[in-house]
Amino acid sequence: MWMKEVLAAVFDKAVWFLKLYVEQYKGLLLFIAAFVLLYVFFMHWINVRFLNRLRQPAALISLAVELLAIASFTLLFREAGTQRRYELELFWSYRTWIFGKSVALGMEILNNILLFFPLGFVITDALKRCSFAGVLFLSGFISCLVEFSQYYFRLGLFEFDDIFNNVLGALAGWCVFHMLKGSRSR
């Protein structure tokens, strides 16, 4: 009986957190949802109308838009701090979020995952069916560039957790791309 109560409490807490997240980050969520949905519909339309000739150029343009979005959310609209900051302990933000009950860190973790989701989705198409390992490497490289830039220009905290979360988001995008591709070919 107590297990049922614990699961109900965890579920209630998760629902509360997601509602709070959606309330605070509507803009980011709308951008990601619109980007992915428009991409899927546009690519389907291109395939039907132009027999795949424009798919690669359209995917490359979409990739450029996603990279610009990543740069704007992580670098362009931030104020420089007075010192360079870093946190090299892996999963410190998860521990602080879960055990320290920091809602803000939970939202930051989710932001980092969601921000790179479209990258994994689009990069798979833009680079001629990029493999899992390719998405892993490229998203890790792009995330490292962002983190090093934030550190160098004093625009935030360099942390391994952000790199992990960004790569996780890109890999989730890769997985969804392949699930949609698989369901379309049946």
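Our numbering is plain: 1 for the first residue shown, then up by one each step along the chain.
Even glycines carry a Cβ here, placed using N, Cα and C.
Keep in mind that TrEMBL annotations are predicted by a computer and have not been checked by a curator.
Residues annotated as domain 'VanZ-like' in TrEMBL: 67-180.
TrEMBL lists 27-46 (among others) with the feature transmembrane segment.
What TrEMBL lists as transmembrane segment is 58-77 (among others). With a cut-off of 8 Å between Cβ atoms, the residues of this chain six or more beyond the transmembrane segment (58-77) that come close are 28, 31, 35, 39, 42-43, 46, 115-116, 118-119, 122-123, 125-126, 142, 146, 149-150, 153, 155-156.
Long-range contacts of the transmembrane segment (97-123) within the same chain: residues 17, 20-21, 24-25, 28-29, 32, 35-36, 39, 59, 62-63, 66-67, 69-70, 73-74, 130, 134-135, 138-139, 142-143, 161-162, 165-177, each at least 6 residues beyond the stretch ends and with a Cβ under 8 Å from a Cβ of the stretch. The transmembrane segment feature in TrEMBL is assigned to 97-123 (among others).
TrEMBL lists 130-151 (among others) with the feature transmembrane segment. Sequence-distant contacts of the transmembrane segment (130-151), counting only residues of its own chain at least 6 positions beyond either end whose CB sits under 8 Å from a CB of the stretch, comprise 67, 70-71, 74-75, 78, 84-86, 116, 119-120, 123-124, 157-159, 162-163, 166-167, 169-171, 173-174.
Taken from TrEMBL, the feature transmembrane segment covers 163-180 (among others). Remote same-chain partners of the transmembrane segment (163-180), defined as residues 6 or more beyond its termini with a Cβ less than 8 Å from a stretch Cβ, comprise 36, 40, 90-91, 109, 112-125, 130, 132, 135-136, 138-140, 142-144, 146-147.
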